[in-house]
Amino acid sequence: MSPETAPAADPDAPTDPPTEPCSVVWCGGRPYVLEAGAVRPRWVGTDGRGRPETLSNAQLRRRGWSHRRAASRRHTR
């Protein structure tokens, strides 16, 4: 496939999460904030029950993340 006909990269599918402290990303429909710790940075958010949850960069990449919140799944009448 030539470069002219190659599909464009999806701008909403970044590979590495941001590195700036206090950055916000979305993962699994929930926001996570990058907290710069003394040892290594971690992403802090909540699980499905509202309990605090921390993720590493690797965990966030495996689960999938976005700069934007996913579209609502609610149906309008």
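Counting starts with 1 at the first residue shown.
Keep in mind that glycine also has a Cβ here, set from the backbone N, Cα and C atoms.
Summarising the annotation, TrEMBL assigns region 'Disordered' to 1-21, 43-77. Residues or ranges marked as compositional bias 'Low complexity' in TrEMBL: 1-12. Under the heading compositional bias 'Basic residues', TrEMBL lists 60-77.
Among residues of the same chain six or more beyond the region 'Disordered' (43-77), those with a C-beta under 8 A of the stretch's C-beta atoms are 12-17, 25-35. Across the region 'Disordered' (43-77), the DSSP tally of helix, strand and coil residues reads 7 helix, 9 strand, 19 coil.
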